[in-house]
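Below is one structure; the comments refer to it alone.
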Amino acid sequence: MKGGRFLATKRKTSRRRPAKRKPTKRRTTKKQPFPYTSNVIGLVLLALAALGLFNLGLLGTLWANLIRLMIGDTYQFGLVLIGAVGAALAVTGVLPQLARHYWLGGGLIYGGWLLWITANHFIEVDQHSQFLTIIWHAGLADLWSGGLTSQLGGGAIGAFELSIVAWLIALVGAQVAAWLVMLSGVIVFFQIPMADIQRWLQTIWQTLHHGVQASGDALKRGNEKAKARRVKRETTKPVNPVATTPVDPDKKDLPEPIADAKSAAPEPSYHITVAANETPAAPADSAAADSAEGDDTEAGLVNSTPVDPNYQLPTADLLKQVPPTDQTDEVNAIDANTKILKQTLDSFGVDAEVKNVSLGPSVTEYELHPAIGVKVSRIVNLADDLALALAAKGIRIQAPIPGKSLIGIEVPNKEVSTVAFRDVVEAQPAHPNKPLQVPLGRNVTGQVVSMDLTKMPHLLIAGATGSGKSVAINGIITSILMNARPDQVKLMLIDPKKVELSVYNGIPHLLTPVVSEPKKAARALHKVVAEMERRYELFSQFGQRKISGYNAFVQKANAEDDQARPTLPYIVVVVDELADLMMTVSSEVEDAIIRLAQMGRAAGVHMILATQRPSVDVITGLIKANVPSRIAFAVSSGIDSRTILDTNGAEKLLGRGDMLYQPVDANSPVRVQGAFIPDEDVANVVDFIKQQQTADYDEDMMVSDEEMQQEEAGDSDDELFDDALKFVVDQQKASTSLLQRRFRIGYNRAARIMDDLEQRGYIGPQEGSKPRQVYKQPDSDANQPNTSD
């Protein structure tokens, strides 16, 4: 039973509960990054590189200036690298993988390059401190002005490197260090073994040693042969009677040197030269000494009147005689200043000796001979200390003096000796076949410095107001008038100031009356260009290349058939204030000046450009490149001096005719005290010429008011131009949006009208957010076509 009950009982099975499901975390899908981010960055870098390389718009110039601020004049190379990285990213999406030695070697080469060009830049501008500050300010100036004109060397990075290296081993040492760094970079970049380098150096040393040995042997053999020939010649020379040496009459009345006048005092170890006003000398520039092209005797334009045989050149008797300045105090101060110089240099550990002293009209030059091993830069860096010791206003150091192994220290005199124009005219040697030979003044040794405009061939004169620029121009023009007849030289005088050159009106040398209006000046310059081109056509017809050959050909033909064909005269264009022309009609004036500068020399056309604003917007790069001869008067800063001469020095001039003259064939400027010519002398010469011959202006070269009106009336094709001009002049405001609102025209048409107004000189250029300047005043509207009420 028991067992049956057990068997009959149904076994209870426990109900299986389902397992509790754990709450599953909600899967969050991560956002996938944009797969083309690297490619987009590469395209952006490529676009930035293109903007900077081609200076595309405001953004491109800004980006280029930012790169220039960092790496200086190598910014284009840096932008190319940025473009290459951008191109690699844009195409592959990853940066190029290079071995470590490529990065290290390339970095060393580039860093050494930046250091080298920065050191070169500061050696050229003669600056030995504050490298980073100067580069930073110059870069910021370009950044704000939107230009790319300043020379920045290796930028802030190169200046930072130079500040450290030059502090340790000076500028010359920095150049050597830069080459060593670049050489190390090349070795690392190409992984050149040291054994190969040692073998190359050994080969170079052996080659140099053998070359020096061979040169010494050849020189020794040449000396022995020359000695043998000399002995043979002396043994065979006949005996001549003794001849007395003639005495030079110019030398027997020369005064004794000042150093010998004090017999009781010990003789100094240096020689003193005192400038004498009556001592004539040859021209200082070698270009003036060359007479290859100065054998011409030109006369008249092709269509001019015959030569006047009764015409007489003005003489020096028309000029004032200026009494000489007493420079006794300056002579007495030479010994004391020499001792001070020696003591000051010794206190700074510089071993140098004063060899010569030259007393000039405005400065006294002390010529130093440094001992072996003394760096020139050490003496140059002591300029301020020497000026303090000598109690001088400022000294100029010429290191070295051209043609000498000496260093010149120019100390201003207490009193400037006036160089009279009559004295330099009388002291200058006569050059009857050089009508454009012009005396400028006297140098520090008292010699007359002259120039020949036919060799210049164009001259740039710049300096601050009151520095002697106008006096120099009057001296040049007066000298030409005293050397040349009206049929030899013709003048085109442009004087926007209307007061400087008006005294020459009425002389027969003028092609036209003195031009004073900027627009007429631009037109007159273009007429000179046309005359130049006409002369070239004339040369080609007769198979000649330049004016001297053509005139010689005409004179030879006249002698053969006994006729009087006119020859071509020189044409000298004088612009007294270039800045006024560049401010109003810059594009037209610059084009004409560049054409004349490039092609005028062979045609006998020469220019003298003067300005008191030596800035890069007046003396543009094209003008500067084509006008190689320069005269710098006193300026306010070294930047202005570098704009004129490409070097410092003019900021230390004294004014009142003190100038730095650099002809086309000179490597460094020469200091000259300009000749002073009073207004009475100019008037006397002009009156003397007018009494002999009246002005006969060339109608083809004159610019009439009717011609200007016709030219202006045909300048613009827009029928609203005259109305827009009247509106702008009445309002004294000019903008594109103003014309759009007033005349209800589109932007493109209004912008074209604004461009026409600017091109014709009625309004100024756009200067950022500033309003344009309106040059034309309402009271002068009656002279313009279709603008009167």
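Using the three backbone atoms N, Cα and C, a Cβ is placed for every residue, glycine included.
All annotation found in TrEMBL is predicted automatically rather than curated by experts.
Residues annotated as region 'Disordered' in TrEMBL: 1-33 (among others).
Residues or ranges marked as compositional bias 'Basic residues' in TrEMBL: 8-30.
What TrEMBL lists as transmembrane segment is 74-95 (among others).
Per TrEMBL, the feature transmembrane segment maps to 102-123 (among others).
The feature transmembrane segment is assigned by TrEMBL to 164-190 (among others).
The region 'Disordered' annotation in TrEMBL covers 216-268 (among others).
Residues or ranges marked as region 'Disordered' in TrEMBL: 280-312 (among others).
Annotated compositional bias 'Low complexity' per TrEMBL: 280-291, in sequence order.
When averaged over the domain 'FtsK' (446-642), pLDDT in the model lands at 89. Per TrEMBL, the feature domain 'FtsK' maps to 446-642.
The ATP binding site feature in TrEMBL is assigned to G463, A464, T465, G466, S467, G468, K469, S470. Look at A464 (ATP binding site): DSSP puts it in coil.
What TrEMBL lists as region 'Disordered' is 756-789 (among others).
Look at TrEMBL and you will find 780-789 tagged as compositional bias 'Polar residues'.
Of all the binding-site residues listed (G463, G466, G468), G466 has the fewest other CB atoms within 10 A of its CB. Applying an 8 A CB threshold to same-chain residues 6+ apart, the list for S470 (ATP binding site) reads E500, D576, A610. With a cut-off of 8 Å between Cβ atoms, the residues of this chain six or more beyond the transmembrane segment (74-95) that come close are 36, 38-39, 41-50, 52-53, 64, 67-68, 110, 113-114, 117, 154-155. Counting Cβ atoms from all protein chains shown, S467 (ATP binding site) has 24 others lying within 10 Å of its own Cβ.
For the binding-site residues A464, K469, counting C-beta atoms within 10 A of each C-beta gives the highest total at K469. Shown in sequence order, Q612 are the residues of the chain, 6+ apart in sequence, with a C-beta less than 8 angstroms from the C-beta of T465 (ATP binding site).
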